[in-house]
């Protein structure tokens, strides 16, 4: 009798044990002690954004020798599976040529001495196994990498080409440049404790991009860094590589990993540019944060005074590793904000504070000054997302605009590249509560539920409008512009309040009860008439009905006076084509 019948019986028994309605609950399902020992979670959980092993072992990938090329060898553009829309369900990749080819600046070490299988190489003897060093460019297809990385690691994203310099430099030639590397504050296991502390080399490294031919040929310096910016030495890498008993052979090539410094000019790859959204847990900020992540191009961090109790980790589209997306920020200390921006290698800061009180304004001013001082930050989008706040009170009678104006004046003092994004009026307000939106509920001009409308002025002044989701997508697209104009708009259409009322009446199939509010009355806050839907909403304002009435009066007067009529603006705006999702000049 063969063993297959026994295998089948065991398989059937295990299926019964593991079923939710198991006939043997005491075997596993209801046995807490055994469950804790026998079951292992497939998910490591969100508690450790940085993997626990990062500072305890030099993480590496096994590679291949077949596509290691000498510098100057043409590189074939790789093809592979790419997830074009990371938000789509189900997630289905497409076979496409790489569109996000990146470099990784590294040092490589050639092995010259073998060890027997099963015989680890001690860390203090490992330097004798290294013949010499070369420069390495570990080409990386980032769009392929994002899809294939989790949970096993890169494969096609890195197997198509690694370029090395043609000359091998011996350790003796580099001895005068020996120096300590990045300090590791973690207690290492004995096999990784290297006696020699000057275990790196201080060699200036530079990457240049050359374009054109002949007289038109030009070069641009992309990065400048030092080879000392490494946490692990090559002897430590050899010791760790062989601790399992893995044999090394002469000619084996070890890569250092990407070498990056602490400032913008010392990044070892093209995509080490992170985005920070200040106020990214709020209404508009949350949408922009989501839109940035949906591009699959950036590590996006939210700067917040508080950290929510439950925050999932995110997968970096750059490294494929998980990271914790919230940066707890103390805006009372400018230096603390500078340190955070540099620590997280922040390239672009987007502020989305609700600037309706002094403390929020002070925080944005601190953020602007810190961004100017931080070596990594190059771009800044202030908390505007409305209209041109430099318009006078005769057009924009909005007292809180002073918070935006002072931020503009502060930005003008900096060397940062910045832009003002004008969406105009958010159309979300006209669809509440029937359309999904992150905005807090507010009823503007038309109350379909109660069949009434309040028209400021004559209701015939054009008003630029945008949906908040389009504003968020636009902001993400704007980051791809090589140069920013001073002003941009997401508004794809204009409408008057009268036209809005007509559209609502047509949709309802009946007329609304319409009242007009004279501009002078609105400016003087003498008309406290409120749409019925706003009455319960006023309870959420600190000063209740009076505060909300004043806000709505200022907003209505601004619309009637033309603050939302972008055709009046003297500057040329870059607009957004919703259907193609492209920026149009």
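From the backbone N, Cα and C atoms, a Cβ is placed for every residue, glycine too.
DSSP assigns residue 106 (Ca(2+) binding site) to a strand segment in the three-state reduction. The Ca(2+) binding site annotation in TrEMBL covers 104, 106, 138.
Of all the Cβ atoms in the protein chains shown, 23 others lie within 10 Å of the Cβ of residue 162 (Mg(2+) binding site). Taken from TrEMBL, the feature Mg(2+) binding site covers 138, 158, 162.
TrEMBL lists 145, 149, 258 with the feature substrate binding site. According to its DSSP assignment, residue 145 (substrate binding site) is helical.
Residues or ranges marked as domain 'Fumarylacetoacetase-like C-terminal' in TrEMBL: 53-272. If you take every residue in the domain 'Fumarylacetoacetase-like C-terminal' (53-272) and average the pLDDT, you get 86.
Look at TrEMBL and you will find 274-523 tagged as domain 'NmrA-like'.
Put simply, residue 145 (substrate binding site) is 15 Å from residue 162 (Mg(2+) binding site) when counted between their Cα atoms. The secondary structure of residue 138 (Ca(2+) binding site), as reduced to three states from DSSP, is coil rather than helix or strand. Cα separation, residue 104 (Ca(2+) binding site) to residue 258 (substrate binding site), rounded: 5 Å.
Here is what falls inside 10 Å of the CA of residue 158 (Mg(2+) binding site) among the binding-site residues 106, 138, 145, 258: 138, 145. Neighbours of residue 258 (substrate binding site), defined as other CB atoms within 10 A of its CB across all chains, total 21.
DSSP assigns residue 158 (Mg(2+) binding site) to coil in the three-state reduction, outside any helix or strand.
Proximity of residue 106 (Ca(2+) binding site) to non-local residues of its own chain (separation of 6 or more, Cβ distance below 8 Å) is seen for 135, 136, 137, 138, 255, 256, 257, 258, 259, 268, given in sequence order.
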